[in-house]
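Working notes, beginning with the structure itself.
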Amino acid sequence: MKVIGLADSELESSLRKAGIGMSASEARSIASILGRDPTLAELFCYDAMWSEHCSYKSSRAVLREFLPTEGPNVVLGPVEDAGIVSIDDEWCVVISHESHNHPSQILPNEGAATGIGGIVRDVNCMGARVVATADPLRFGDPYGRESSRVRWVAEGVVDGIWQYGNALGVPVIAGDVVFSRCFDYNCLVNVVAIGVVRRDEIIRSRAPPGSGEKGYDVILIGKPTDSSGLGGVIFASDTLREEEEEANRGAVQIPDPFLKNVLFKANEDLFRLVREKGVEIGFKDLGGGGLTCASSEMGAAGGYGMEIDLDRLHVAGEFPPEVLCIAETQERFLIIAPRELRERILKIYNEDWDLPNVYEGARASVIGRVTTHDRYIVRHRGEEVVNVPIKHLTGGIRYERVWRPRIRNLVEPDVRMPEDLNRVMLDMLASPNIASREHIYRYYDTEVQGNTVIRPGEADAGLLAPIRERDFGIALSVDSNPFYGRISPYWGGATAVAEAMRNVAAIGATPSTLTDCLNFGNPEKPEAFWEFRESVRGLADAARNLWLKGHPNQPVPIVSGNVSFYNESPEGAVDPSPVIACVGIMRDISRAITMSLKEAGDGLYLLGPRFDELGGSEYYRLIWGVTGANVPVVRFPLERSMIYTVIDAVDREILRAAHDISNGGMAITAAEMCMLSDHGISIDISDLGDMRSDKLLFSESSGFVVEVADGAEQEFVSIARSYDLNPVRLGSVSTGDIEMARDGKMLVRLDPEEAREAWSSGLREAMR
């Protein structure tokens with residue numbers, strides 16, 4: 001394709017007509033390296049590999065500057081498809097975190113389903129058994145001007161997740177959902193998957209050492225390649241425009257969970273074969289960027305070149321080479337294996353698991369080889385259509401983006417004290433951002449595989465016991481608050497980390513690792529890039545300062561993640577949304593607790609003082625229609641002490657329930673502990689300071705409300721004080737109403753059934 005000698009305007013026009021999204025300067029850079037005009041197929045390959053989605057060209061420098069990715073428990077950091085941390089000397093947990101935002105806004109069902117499909121492949125290709133997923137979701141205002149579209153998107157996304165996940169047989173054990181007008185035109189569908197693998201059975205997503213010298217085979221398995229998902233990574237690296245919606249539908253992939261299920265079982269046989277033979281293979285899923293991305297990255301990661309013959313692909317029709325290279329057809333993996341295993345591998349997929357009869361055209365095919373040269377070469381019908389330096393293709397391009405603080409001029413509102421706090425409580429319990437998520441997770445098979453210990457909605461984190469002969473469990477939580485990010489991207493990032501860790505601690509698990517999915521607007525806009533940079537700085541500071549328990553001054557490592565830019569439309573960008581997942585390890589699952597109250601007469605304690613921090617709170621936004629300015633901040637030593645106190649108290653079996661304080665503040669936290677129990681509460685906030693009662697009740701400063709077993713209160717206070725905390729006894733669990741008093745005056749008295757009805761119906765009504 002002509003590049004050299006064209007004026008910028010001519011070149012840009014030529015690129016767009018060909019369906020290529022790169023800039024004229026990027027095309028010129030490619031031509032300069034090659035010393036010639038690139039072929040059309042080469043430009044398509046570079047367009048995918050140099051996209052924001054694949055290359056991290058705007059974000060990589062910031063991530064490297066700030067994020068802590070190493071720690072004493074890290075086995076594999078964020079260099080391949082998933083991160084790995086140790087559980088003990090034998091077992092490891094594998095985790096990956098991705099986004100599928102743009103596809104889910106255009107085709108909600110297919111977009112969400114393929115998001116789940118892609119993330120479980122990322123974990124499986126490390127040799128792991130996939131044991132759970134999580135789904136942090138962000139939708140527009142269900143009562144706003146785009147309510148019909150918002151509800152259509154939300155319903156489609158939930159359907160896509162449960163239809164794919166249930167058919168695949170992987171439980172959803174965690175997730176959250178936030179509704180805000182800023183997501184009207186850009187929903188966020190982030191997905192997390194975790195798996196388990198023995199340390200000595202980990203498989204890497206790279207060409208193994210010696211594979212180039214020995215000419216290892218490259219084997220493609222799964223669905224026949226078609227044109228579905230073509231340009232998906234380019235589509236994900238641009239701003240959504242309503243007038244282009246129909247044209248973008250082709251960039252959304254088509255899922256097939258039943259084929260995926262068979263592939264996972266066949267992969268187990270592959271892993272068994274590899275162990276028996278004592279050989280190392282490379283294994284990688286085909287996601288964004290398709291065949292070109294998977295094959296070139298595997299070759300480059302191993303320090304080798306790659307030769308691919310497109311005529312040997314199993315395909316679903318006639319397609320030009322550029323389509324075969326970058327189409328994002330789902331349910332595919334790539335294997336790099338010794339030639340002597342070729343026939344055994346082909347037999348596993350084509351005969352033992354009979355892929356051609358599971359899905360028309362599906363199979364395993366040898367499509368190329370690893371080489372010792374440094375080129376990425378693709379042939380089609382006997383001709384070279386791609387011949388480029390492999391490290392140049394995979395190395396991407398880097399931009400030093402300009403950043404400039406966004407000035408919002410936010411102020412604290414002067415609101416009056418509500419006359420009827422009962423009404424305020426009921427309205428907040430019914431808010432779509434607080435109400436029970438049962439309307440969503442009732443569709444999910446949360447107990448498939450039989451490993452689930454704590455299901456979604458029962459506690460702040462999900463918990464499963466994936467290894468039957470072991471006592472340990474794996475906890476998972478996901479968190480982010482875009483309303484905090486709107487006020488302060490830095491504290492939005494820090495609070496997301498802190499809350500994710502609190503949620504894991506609330507069941508008694510010890511935070512072990514973090515992942516991030518960073519959802520922001522256009523990085524070419526200085527204010528948007530500043531928001532991104534500040535959020536990363538905030539979450540990194542929290543990870544560094546909250547520490548791995550038992551390892552002072554060691555950060556909680558961030559081992560996997562994703563950056564999703566261009567989450568904006570002509571109406572504007574989404575609020576800064578760094579979504580954090582936290583994995584925790586529970587050494588003895590029999591000691592885990594939930595959030596529901598257990599015994600009348602038990603003491604209720606508050607950990608964490610209340611501050612005048614209602615900026616971005618549900619109280620300000622829902623009741624008064626304002627944002628505020630005093631966003632919750634993370635006081636790192638205090639936060640660390642609260643988390644450690646709860647973990648130790650659960651381990652000593654003196655806590656019966658715990659719930660972290662976040663959306664809605666202490667009052668909503670305490671009321672939610674009644675929702676799944678037959679108990680009420682009687683608490684008094686007289687000893688909490690001089691702030692006005694509504695601020696004490698609804699401030700979203702971090703903390704916990706915990707139920708302490710009768711007779712164990714002194715021991716609990718002793719644990720807390722060992723961490724320099726002064727827990728406050730709020731009151732006790734009762735058999736009556738939800739009561740909150742101050743200085744002899746009853747502030748709140750709610751019938752638990754009335755409160756439960758508001759809480760259980762809020763999300764159902766919003767999505768009706």
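Glycine is no exception: its Cβ is also placed from the backbone N, Cα and C atoms.
The record from Swiss-Prot ties Tyr56, Asp516 to ATP, and of the options Gly19, Gly473, Gly561 it ties Gly561 to that site too.
The binding residues for ATP are recorded as Tyr56, Asp516, Gly561; their greatest pairwise CA distance is 14 Å.
Cα-Cα distance from Asn101 (substrate binding site) to Asp122 (Mg(2+) 2 binding site): 18 Å (rounded to the nearest whole number). With respect to their backbone Cα atoms, Gly561 (ATP binding site) and Ser99 (substrate binding site) stand 9 Å from each other. The DSSP secondary structure for Asp516 (ATP binding site) is strand.
Nearest neighbour of Ser99 (substrate binding site) by Cα distance, taken over the binding-site residues Asp122, Asp285, Asn562: Asn562. In three-state terms derived from DSSP, Asn101 (substrate binding site) belongs to a helical segment. Checking each of the binding-site residues Tyr56, Arg121, Asp516 against Glu98 (Mg(2+) 1 binding site) by C-alpha distance, the shortest gap belongs to Asp516. When the C-alpha distances from Gln330 (substrate binding site) to the recorded positions His53, His100, Asp122, Asp285, Asn562 are tabulated, the minimum falls on Asp285. Counting other C-beta atoms within 10 Å of each candidate's C-beta, the recorded positions His53, His100, Arg121 are led by His100.
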